[in-house]
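Data first, discussion second: the structure below is written as structure tokens.
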Amino acid sequence: YKLSVSPEMDIMEYCRKEWRGNTPAAKRMRKGYEAVAQKFASIRRIRGDNYCAFRATLFQALSQATQLPRWLQSEDFTMLPENLLSKYDWIKQWQLRQKPGKRMGEISDEIKEYLILLRKKWKNISEIKGPLEKQEACDKVFKNEEEEYSLYEALKFLMLNTAIELYNADKSGRRVPVFSWLLFARDTSPNPRQLMHNHLNHIGHSGGLEQVEMFLLAYALQYTIQVYRLYKYSTDEFITLYPNDPEEDWPVVTLITEDDRHYNIPVRMCQETML
């Protein structure tokens, strides 16, 4: 049994433990952590598998949720797998989490269950008023491996849906965000089908999220993901926003990374920052 999100620890204490040496890299990391510590008091380590970007983002979104996002409220939200499969036969090749004996025809019901679970968890947690109770409810979600991975499967499917929407919008001459061009400019993902085959199907198994896919995740959730990229300290990429021109009304979640591969989360905003 592994903890998916470890208990909080003082941010500078964590930094001193991890970055002891006097190499330029260690010095830069310490400076980076000092900057984060101006805003946040603690850090929670995220379990390091290929789902860590999902885990960190979803944990932060749920732990500060006060209402159900609009896209989760829509009537046809849970019909998404059915609707997409009726238009795009290739979605049958979606790689479900190692489910031995699962026939691809059943994929639609399976993903529908994951989407219903996502809505239910988000709704329940957003209705909890007390910060301690909310935190406990969040921790509980990330202690149940079966549920946790089902939620990531839902997020991946939402990313596919968003990619299809963006691709179609671009093809029909509507304006799309710049990252969408970059996403489909890759040799490995010239269209949503290839994106699914070469990227989304591998997330969590043989790879995590690449930079351009962080944008896609942000769009799928309609959240701004703010990341302290510690190895970029003292450059203008130290704090990176996905997307970099966020919608005014999108909530913001904050993550920390030392290398753009593994993500942890800062918690407990310092009092001055909150004022």
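Backbone N, Cα and C define each Cβ position, glycine as well.
According to TrEMBL, the feature active site maps to ASP49, HIS262. Sequence annotations record features per position, and here TrEMBL assigns active site, nucleophile to CYS52. Residues or ranges marked as site 'Linear diubiquitin binding' by TrEMBL: GLU237.
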If I restrict to non-local contacts, at least six residues apart, and a C-beta distance under 8 angstroms, what lies near CYS52 (active site, nucleophile) in its own chain?
ILE46, GLY208, HIS262, TYR263
Sequence-distant neighbours of GLU237 (site 'Linear diubiquitin binding') in its chain (C-beta under 8 A, six or more apart):
ARG229
What is the Cβ neighbour count of ASP49 (active site) at a 10 Å cut-off, with all protein chains included?
14
At a 10 Å cut-off from the C-beta of HIS262 (active site), count the other C-beta atoms across all protein chains.
18
